[in-house]
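First the structure, in the form of C-alpha cells, and then the observations on it.
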Protein chains: 2
Amino acid sequence: MATDQPQSDGAPSETYSEFATRVKRIANVSNAAGILQWDQEVVMPDEGTPARAQQLSTLSSISHELLTADETGELLEELESAALTDEQAAVVREVRRRYDRETSVPQELVEEISETTANAHPTWKQAKAEDDFETFAPTLEKLVELKREYAHHIDPDADPYEVLFSDYEPYIDLETAEGVLERLRDELVPLIDAIDESDAELTTDAFAGEFDDDDQETLARDVLDSLGYDWSRGRLDTAPHPFSSGTQFDARVTTRFEEDDLLGSITSTIHEFGHANYTLGLPDEGYGTPLGEARDLSVHESQSRLWENHIGRSRPFWEQFLPTARGRFPGLEDVTSEDAYEAANQVHDDNLIRVEADELTYHLHIVIRFEIERDLIAGDLAVKDVPEVWNDKYEEYLGVRPETDAEGCLQDIHWSHGSFGYFPTYSLGSVLAAQLYAAAEDELGGLDARIREGEFDDLNGWLRENVHQHGKQYTTQELIERATGEELTADHFLEYVTAKYGELYDLEV
Amino acid sequence: MATDQPQSDGAPSETYSEFATRVKRIANVSNAAGILQWDQEVVMPDEGTPARAQQLSTLSSISHELLTADETGELLEELESAALTDEQAAVVREVRRRYDRETSVPQELVEEISETTANAHPTWKQAKAEDDFETFAPTLEKLVELKREYAHHIDPDADPYEVLFSDYEPYIDLETAEGVLERLRDELVPLIDAIDESDAELTTDAFAGEFDDDDQETLARDVLDSLGYDWSRGRLDTAPHPFSSGTQFDARVTTRFEEDDLLGSITSTIHEFGHANYTLGLPDEGYGTPLGEARDLSVHESQSRLWENHIGRSRPFWEQFLPTARGRFPGLEDVTSEDAYEAANQVHDDNLIRVEADELTYHLHIVIRFEIERDLIAGDLAVKDVPEVWNDKYEEYLGVRPETDAEGCLQDIHWSHGSFGYFPTYSLGSVLAAQLYAAAEDELGGLDARIREGEFDDLNGWLRENVHQHGKQYTTQELIERATGEELTADHFLEYVTAKYGELYDLEV
C-alpha cells in the first residue's frame, strides 16, 4: 500500500501520517472492544456484565470522540485537497463517510438510542417468551421514531430507510437492493411452489440421532482443518449465537452443538469459517486502516454463504467429507453421500423461522421483514398492525400462517437493537456469493472436482486475490465489478438454485 | 461510599462527579487492557501478537493521556481545597499520587523504557538459554541507567531505589522494608542451618508419580470449590506462567499442570485463588475508582500467601483435602495426610531457583536480589560484577554456589522488565500474611479446626471485613494497623515458621 505517494502539490506526507496514526488509534480501540465482546459471549463469567458494560461504553465513547474530534475534520479537509495515492484516497473516503455520519447525529440522540435498545432487549425477550406483542409494541414505536430522527440528522432530504440501510451497506443503493429482493420474491415463490408439488422424496433422516458434544466439536475441527482454517490465527469455541470476529491476525470462529442437530453444527461452523476466512485474507499491512478492514455486510455475508452453501451444501463436499464424519460417528455408516446431500438441501415451505430456513425460503423471510420495516420507517405501517401484516405476508409468500407472534414477528432480535435496514444484506450476501462463485468457476474451472478432492487452495486464492486483499479500497460495487466483470445481479443465484433444486426435486426446468 | 458528602464550603458535588467520571474512564480503559492481556496469555492464537501489541499500546497511551491531562490536574487542585468525605479524599489522594508521578516523567523517557524493555525480553531469554551474561549485560546497564533517570524525574532528592520501590509499594517506606528483609535474613539463616543439621527425615515421595492433566484440572477445580471460589465471577484456565487478573465482577485464576508435579499445581492454584479472592472481595460499588481497587503488591501477595502457605501447606488442610485428591488419583491411596503435609513443607537449602523455593529459603532468594538491585541502582555495584556477587551471596546465605548464570543471576525475568524494587514485595507479602493470619486467629479462634472441616467462610469473612472491602481507602500501613492492631512486623512470620519447622524437623526451639 501507498508505495508511490506523490510528492507534488505540497504532498502531505506528514499530514497523512498524522491522519493514519489517528485512524489506527480508533481502530485499535474498536478492535479492543471486539475482544471484550468475544470474551463476553464466549468465556466471561455470568456476573461480569456490570463491569463489562462500563468498559465497552467507555471504549465506544473514546472511539467516537477520537473520530469526531475537530482534528479529524481538519486533517480530512487538508487531505481532500492534496495529491494522494489511490490507497490513501480510499482511506480518506472511508473515514470521511464515518466522520460525516457520526458528527451529524447529536450525542444525546446516540445515547438515547443506546439506552432504549439496552432496555428493549429484555422487553423483546419477555414479549417473545410470553407471546405478547403488546408488551414490545411501545418500545418498537419508540425505536422507529428514534431511528427516523437519526436518519433525518444524517440526511434530511433522503428516504430515511435508505439512510438506515446505508449504515450496513453504504455502497449499494437501496434501489438495487430492492430490485434484487423483488426478483428473488418473484422467482422463488413459483420455484418453491413447484417443489411443494413435486413427487420427489428426499432423504430426511440421514442425520437423525443423538450426537455427543465433544465428538461434534472434534468433527467441527475436522471441517475447519479440511477447509484450510489457519489455527495459528484463529480458534474455535462455542457460543449460544454463533459468530465470528477479529482481525487478520486473529479471526475466531464460534459454533454451537445441539445433541440432535449434527448437520446444523457443521453448516454453522462452515458459515462462520467463511466470515473468519475473509477477515484472515485482509492484508496484514493494512491493519488499523480501512485498507485492512472488510468491506461491509453484504460482502461479508457473501463469504460465509459461499462456503456454507456453494461448498458445504454441495454434492462433492459430502462425497469428500462424509468418510470423516463416519469416522467420528460410526452410526452414520449406512448414510450415503447422496443421503447427506439431500438432507442438507431440503426445502421446507412450512417453516416459520428464518434461522431454520433452507437456501430458498430464506429469502422470503427476508423479503417479508424488508417490506415491513421499510413501511414502518416510511410511516406507512403502524406498529400495532405489524403482527397482522406479518402473518398475511407469510400466508401469501410461503402459504403458512404463524399461530403466535413468538414464531411470527417477535422471532428476531434485530428490531430490538434498532437495526432497521440490516436484513436485506443477508439476501444480498447470498446473491453475491453465487455471483462470485460463478466468476471463480469461469476463471478456474472444475471447482466441483477440487471440492471432491478437498482441495480449496485455488478457490481461496481466487477469493483472496479478487475480494479479501482489497479491504475497503474499492466501493462495494467497484469490488464486485472488478471481481466478476458485472454489476451485482441475482442472475447467478437464480441460475444456481434453479439448476440445483430442479435436479433435486425432478422439476421440469 | 460517599453517602454523606458535605455541602458546605461550596461543596464540589459537580466537580467531584466530573472527577469520578474521568477516573472511572481511566479505570475502564485499564481494565479493558487487563482483559486483552488475559486473552493474550490464555486464549489468543500465536500469530495474534502484532495486532495485540498495537491495541495494548493504544489503550496504555489513552489512559496515560486521560490521567495526565490538564483537566485532571485542575480537578485535583479544586478538590484538594474542598470539603470531601473520607472516601472522596482517599480517591483524590490516590489519583494525585499517580498524576504527579506520571506527569513528572517525560513521555520520551517512558517510551524509551518501554522500547528498551520490549527488546530486553528476547535478549534476556537468549542470554539465559545460552548461559551468557555478557549478552544481557549492556541491556541491563541501559535499564539501570534509564530507571535511575526515571526515579530522578519523580523525586530528584530521594534515594532512586526508594522511588522505584514505591512504584510497587507506595505506602511502606523502604526503611521498613529493609528492616523486615534484614530480620528475615538474620533469623532464617540459622533456622535453615539447624534444619540442615537435623536428623529428621521428611517423607519426600508422597506425590511422586505421573498425573494426567485433565485429572489435575478436575482436582484444581475441587480445590477452588473447597476454598469457596465464586465461579459466577471467575474461571480457571491454564497459562505458562500462572497469574490471576480481573475486577470484583470477574476475577480469573490461571494455573499450570506438569505431569510430575501434582503438588505444584495444587499450591499454585491456591496461591492464585488468594489473589483472585482478594479482588472478588473489593466492593462492587467502588468499581472504577481506587475504592474498588486492591491495595498494592505487598497486600495482594499477603492474600495469595495466606491461602497458599497458612492454609494450603497446613496439616489440617491435608487432613481435609487428601480424601478428595485420593478420589481423583487412586494411586495416592497409601499416602497419609502427614506424608502430604511433609511433602508440602520440605526445606531445600541446596535449591538455586527462587520459584522452586520453600517457605523459608524463598526469602533468602529475595534478600539476595534486593541487596544486589539496591546496590546497582545506587551505583555501588557494576553490572559486570553482578554474577560474582550473586554467586557469593548464594554461597554465604544458602551455602550453595550456582555453576551457571542461567541458574544464577539470569534466572528471573524481572530485571528485563526494568522492574527494580519489585522483589521485596514478595517477602513483605509473606510477612503480612502471617501477621493477618495471627490477627484472624486471635479474633476468630480455632482456625485449624475450621480448616480441618473445610470451613473457610469465617476466615474469609474476616479478610473481607478487615482487608478486601476497603480497597485503597486506607494507606497500606493504616490498613495493616486497623486489621491487626500493630505496624507491619516480621514477628508473626518468624514465630510461625519457627514453630512449624521446629516441629517438622525436631528442632530444639
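A Cβ is built for glycine as well, from the same backbone N, Cα and C atoms used for every other residue.
Just so you know, TrEMBL annotations are computer predictions that nobody has curated.
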| Record-annotated Zn(2+) site (TrEMBL): member among A:Glu258, A:Glu293, A:Glu301 besides A:His271, A:His275 | A:Glu301
| field | CB-centroid shell, 8 A cutoff, Zn(2+) site A:His271, A:His275, A:Glu301, site residues removed | value | A:Ser244, A:Glu272, A:Gly274, A:His300, A:Gln303, A:Ser304, A:Arg305, A:Trp307, A:Glu308, A:Gly429
| Taking the Cα atoms as reference points, how far is A:Glu272 (active site, proton donor/acceptor) from A:Glu301 (Zn(2+) binding site) in Å? | 10
| query | Relative to the Cβ position of A:Glu301 (Zn(2+) binding site), how many further Cβ atoms are located within 10 Å? | reply | 25
| said: Let me check the 10 A CB neighbour count of A:His275 (Zn(2+) binding site). How many other CB atoms are there? | reply: 24
| query | Around A:His271 (Zn(2+) binding site), how many other CB atoms lie within 10 A of its CB? | reply | 22
| remark: A:Glu272 (active site, proton donor/acceptor) falls, by DSSP collapsed to helix, strand or coil, into helix
| Across all chains shown, how many C-beta atoms besides its own are within 10 angstroms of the C-beta of A:Glu272 (active site, proton donor/acceptor)? | 26
